[in-house]
2 protein chains.
Amino acid sequence: MTFSDPPTRTEQLLPALAWLRRYRPSDLRGDLVAGLTVAVMLIPQGMAYALLAGLPPVVGLYASTLPLIVYALFGSSRQLAVGPVAIVSLLTLTGVSAVAEAGTAGFILYAALLALMVGAAQLLLGVLRGGFITNFLSHAVVSGFTSAAAVVIALSQLKDLLGIRLENTHSVPLLLWEAATRLGETNPASLTLGAVSIALLLLGRRFAPRLPVPLGVVVLATLATYALGLEDYGLRIVGEVPSGLPQLTLPPFDGAALVNLLPAALTIAFVGFMESFAVAKSIAARERYPLDANAELRALGLANLVAGLFSAYPVTGGFSRTAVNYQAGARTGLASLLTALLVLLTLLFFTPLFYYLPNAALAAIVVVAVVGLVDLKEPRHLFRVRPIDGWTLLVTFAATLLIGIEQGILIGVAFSLLVYVWRSAYPHTAVVGYLESEGVFRNVKRFPQVRLFPGTIIIREDAALYFANMGFLEAFVDRTLREHPDAKRLLFDFSGVNDVDAVALDTLRELMATLEEIGIEVHLAGMKGPVRDLVARAAWPERFRARAAHLSLEHALRAFGETLSPAPDAPTGARAALERR
Amino acid sequence: MTFSDPPTRTEQLLPALAWLRRYRPSDLRGDLVAGLTVAVMLIPQGMAYALLAGLPPVVGLYASTLPLIVYALFGSSRQLAVGPVAIVSLLTLTGVSAVAEAGTAGFILYAALLALMVGAAQLLLGVLRGGFITNFLSHAVVSGFTSAAAVVIALSQLKDLLGIRLENTHSVPLLLWEAATRLGETNPASLTLGAVSIALLLLGRRFAPRLPVPLGVVVLATLATYALGLEDYGLRIVGEVPSGLPQLTLPPFDGAALVNLLPAALTIAFVGFMESFAVAKSIAARERYPLDANAELRALGLANLVAGLFSAYPVTGGFSRTAVNYQAGARTGLASLLTALLVLLTLLFFTPLFYYLPNAALAAIVVVAVVGLVDLKEPRHLFRVRPIDGWTLLVTFAATLLIGIEQGILIGVAFSLLVYVWRSAYPHTAVVGYLESEGVFRNVKRFPQVRLFPGTIIIREDAALYFANMGFLEAFVDRTLREHPDAKRLLFDFSGVNDVDAVALDTLRELMATLEEIGIEVHLAGMKGPVRDLVARAAWPERFRARAAHLSLEHALRAFGETLSPAPDAPTGARAALERR
């Protein structure tokens, strides 16, 4: 196996140096083709996602310029395609709606402020090396959230596809109800153009995945609108798109807005990073170059800071565009630099071409892009393997859909952690006996033929012990002793106890003391080193400590005077390490 | 070992039948002495705790009658002394203060409503067999909470000990500040009587622990107040205590009050049960009779329902009175029945005697009772054994003291669970080698002499794998592979992996697939039965499944063509099961 050399110190700060220094002429062709391909995809998507976020289309183009350049210079992924993405656009819409009305000038300014906050949060988290926090977002939660968000996004496009007004954009049930009552107001031109666009996009994706079908749809829809004068039939069009480069603008820093935008900023910082890092990681693994979560956070943070300063809105690495970039042959960040350059040229010279572009075509692009995000395989898979993980996905999905987009992911995280804590409170615990044919100890319920030792009950505990599962263990001991009124000794196999907390340790000592009073000795065998260190510090009475020092069940039983004769034909060494159930 | 017989079905419903049927004449003396002793202790304490709760002293006496009888009939502990206790009284004060002002008639009614709610919550939890929920209250949290509550309670008595007015009873810093500024208004009679009472109580506890010193203090203080006319010097006295039995009164059910009392009701239901069950459990263990958490919840629930219906306030099993009851010789619930009878007689005939009883003497009783609840040994112990558990205690203590009594315990529970989740995200993981002298695999960092196998890296994972620690594992693998660029195989020892969730399973499969692409085979050895069941359901590719099926590290290594020769002098069987660090 060969990984590339580890980066130098300078290259860690400015990863672009790593690929610039080693740039090979053979990389150039792939970078050029990929840069062009992504630009052709990004220009319509950028405008469409900006509309989804409640912003003028040009903001989506701004977000497709400088942030890409910053990421290409500072990011450690060489194929990640940064820019506006669907879910972050939706989160921007719901977040900024808390402080301004969509479509107003204030909304645009606060969207830029939101990007600044996202950037600051990501940069700070990266500098503090806090990237591990994203480990607490279970894939089940991300999957449920993404599917629900895709549904919300698709529904939010109904207004442009049907050419009707919809006020309730935040509550799915209300939105559906409103759409149903206003179905009669549907604009035929919008519906036709939207439906044709969706059909073309789906056909293109199916039969010509390498062609720039979205651009084709944009061109055709614009020409049709212009030629047939569809504007006069009530079709909403993009209208004037200001030309020129994005300008440096400081967003308004007002305290109340900062507080109200904070939940959205943190959600976007996390969710955006998760989406981006997942796709960057899978490509880095294939291409065998290292990817550091904290470096990625810092690079995305800088990209978002620049987005905020230059009149754009939050960005992140997108799933589908990154895949296209990689498949089109991108070798280095040069591809993204080229993409940004092409968008800048578009902003300078081609914006008048978008005047007759109908919103319905952009809505069609959004709908087709997000339909693929609804993942039905994952819940089926999770329910089959471990139903509780499927429920985590479903709870997140339902909460995101019915309660809200930001609350949904929080509820999902809380639920997934509670599931873990809950399960840990009911650990697998078994009474075991000696399986003489194999020379190992096994669960008496699964292996009724095991040898038992008169007066001694052996209990195997398969869990880290902590305050929440000691009640379970005590109840298990209580029940077991009731079933074996002749027991004189309780022998615990601690080889599966990976950790113990101080409270559990005290409970254990109390258990030893209480049972001693009624004539039962408790012994502990096979304790791991770190656990033994804790017992030493807990200052147990000398006799308890001696009873906890058995190296293994075999050692303990020999000390009790039992003889263990392993089967003569079992292979030495391998025998006793047979897996335990 | 001998446990008593398991209870019959009828006895499970009415546990009093169990001890009534088997009542031995030899039990009678102990029950009589204990019942009398506890009554003598309970009468002053009941009045004192009622004052602490912001209620007239007679309410504390009411709470010491019917609830005791109900618990004696339905409870499964034979020595538990139910009644008003300090911490529940404090929680009642803060809880009911949210809906009424202390000292008003409304306050008394809402305190009874609170008792009804506590009773309903406990009964419901017991019927639904939800007693396990209390497992999630770590002892570290309970200890920190109890110590802080004791401090708050002691400070709340300052007003009666100094004879001043204090308005801020809920915030400790504000209360201290107010007391400091009003120190000049101290009433000399209150201060003197309070100080002498405290001194007598402390001396009595030290030198005459078997004498009813609190009753003595009450008698002496009452006589002194009457004889010296201390009332005229500004000493606050209990005044008229209505005589007669507690009356059946339905508390006011108004919706807003129910909502506002709910947090307090749930907190009291949990905390009260915890305190009660802890002491009942320790005595039941010594006396070798079974105690069921759900039965206890139901019995305490009934006791609180009766408290709510008969003009009392929330009760639970108290720590110190139960200890006194047990040490005085209580054998059955008859002791508690006698206690209740004596309090009823007091209510009928002796209430006029309390007219000149000074509040300062009752405050002294409260202070001396709760001083013992401040536990300094536990934090020292926890910090020595496992510092993070000490922090759990400290965080709970500080939050209870500074933020609030109900918030404190919630913050403690959340913190303790986060600590557990946090640690589980960073499990112990080690590269291991074969220790030939012992025939076992050990950590290469602890045992540098272990034998390594060219091209094969063995990693032992000591944790249940789930979404939050897979990032850690992946990073560990990444680092390890970088340190061993010649690796061809990665062999995981799964014998310490007690559980795996579906997300971790997918990540594992992706890891296997990604590493395979770069020429590294991943093998898993020693998987436990339940984990293997999950892998089977996850539908891994056939070759991955084969690589995950090694029974043990030894089996896997032999399959790779290695020969493992254990040291000839190691004892067979015992050797391979030596404890692992």
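Heads up, the Cβ atoms here are built off N, Cα and C, so glycines get one too.
As annotated by TrEMBL, transmembrane segment applies to B:32-52 (among others).
Taken from TrEMBL, the feature transmembrane segment applies to B:58-74 (among others).
Per TrEMBL, the feature transmembrane segment maps to B:81-100 (among others). Sequence-distant neighbours of the transmembrane segment (B:81-100) (same chain, 6+ residues past either end, Cβ-Cβ under 8 Å): 38, 42, 45-46, 49-50, 52-55, 60, 63-64, 67-68, 71, 75, 106-107, 109-111, 114, 146, 149-150, 152-153, 156, 169-170, 256-257, 260-261, 263-265, 267-268, 271-272, 275-276, 300, 303, 313-319, 321-322, 324-325, 336, 339, 366, 369-370, 373, 404-406.
Among residues of the same chain six or more beyond the transmembrane segment (B:106-128), those with a C-beta under 8 A of the stretch's C-beta atoms are 53-56, 59, 92, 95-96, 99-100, 249, 251-253, 257-258, 261-262, 264-266, 268-269, 272-273, 294-309, 311-315. Annotated transmembrane segment per TrEMBL: B:106-128 (among others), in sequence order.
Residues annotated as transmembrane segment in TrEMBL: B:140-158 (among others). Note on the transmembrane segment (B:140-158): residues 52, 86-87, 89-90, 93, 164, 166, 169, 172, 175-176, 179, 271, 274, 278, 363-364, 366-367, 370-371, 373-376, 378-379, 382, 389-390, 392-398, 400-401, 405, 408-409, 412-413, 415-416 of its chain, located 6 or more positions outside it, place their CB under 8 angstroms from a CB of the stretch.
Taken from TrEMBL, the feature transmembrane segment applies to B:186-204 (among others).
Outside the transmembrane segment (B:211-229) by six or more residues, the chain places 37, 40-41, 43-45, 193, 197, 200-201, 204-205, 235, 237, 353-354, 356-358, 360-362, 364-365 with a CB less than 8 A from a CB of the stretch. Here TrEMBL flags B:211-229 (among others) as transmembrane segment.
Taken from TrEMBL, the feature transmembrane segment applies to B:255-274 (among others).
Taken from TrEMBL, the feature transmembrane segment applies to B:295-313 (among others). Beyond its flanks by at least six residues, the transmembrane segment (B:295-313) meets 12, 15, 50, 53, 55, 59-60, 62-63, 65-68, 70-71, 74-77, 82, 84, 89, 92, 108, 111-127, 130-131, 246-251, 272-273, 276-277, 280 of its own chain at Cβ-Cβ distances under 8 Å.
The transmembrane segment annotation in TrEMBL covers B:333-350 (among others).
Under the heading transmembrane segment, TrEMBL lists B:355-374 (among others).
The transmembrane segment annotation in TrEMBL covers B:394-422 (among others).
According to TrEMBL, the domain 'STAS' annotation covers B:446-560. Mean pLDDT for the domain 'STAS' (B:446-560) in the predicted structure: 89.
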Subject >> Non-local residues, at least 6 beyond the ends, that sit with Cβ under 8 Å of the transmembrane segment (B:255-274) >> reply: 85, 87-88, 91-92, 94-96, 98-99, 110, 113-114, 117-118, 121-122, 125, 131, 133-134, 137, 142, 145, 296-297, 300, 314-316, 406, 409
Original post:
Are the transmembrane segment (B:186-204) and the transmembrane segment (B:32-52) near each other by the rule of at least 3 C-beta pairs under 8 angstroms (pairs 6 or more apart)?
Top reply: no
Subject >> Closest-packing stretch to the transmembrane segment (B:58-74), where packing means Cβ pairs under 8 Å, from B:186-204, B:333-350, B:355-374, B:394-422 >> reply: B:333-350
Subject >> Highest-contact recorded stretch vs the transmembrane segment (B:186-204), from B:333-350, B:355-374, B:394-422, CB pairs under 8 Å >> reply: B:355-374
**OP:** State the residues, same chain only, that lie 6 or more residues beyond the ends of the transmembrane segment (B:355-374) and have a CB under 8 A from a CB inside it; answer 'none' if no residue qualifies.
**Re:** 44-45, 47-49, 51-52, 57, 86-87, 146-147, 149-151, 153-154, 157, 160-161, 163, 190-191, 193-194, 197-198, 201-202, 205, 214, 217-218, 221-222, 225-226, 230-231, 235-241, 320
Subject >> the domain 'STAS' (B:446-560) - residue tally per DSSP class, helix then strand then coil >> reply: 55 helix, 22 strand, 38 coil
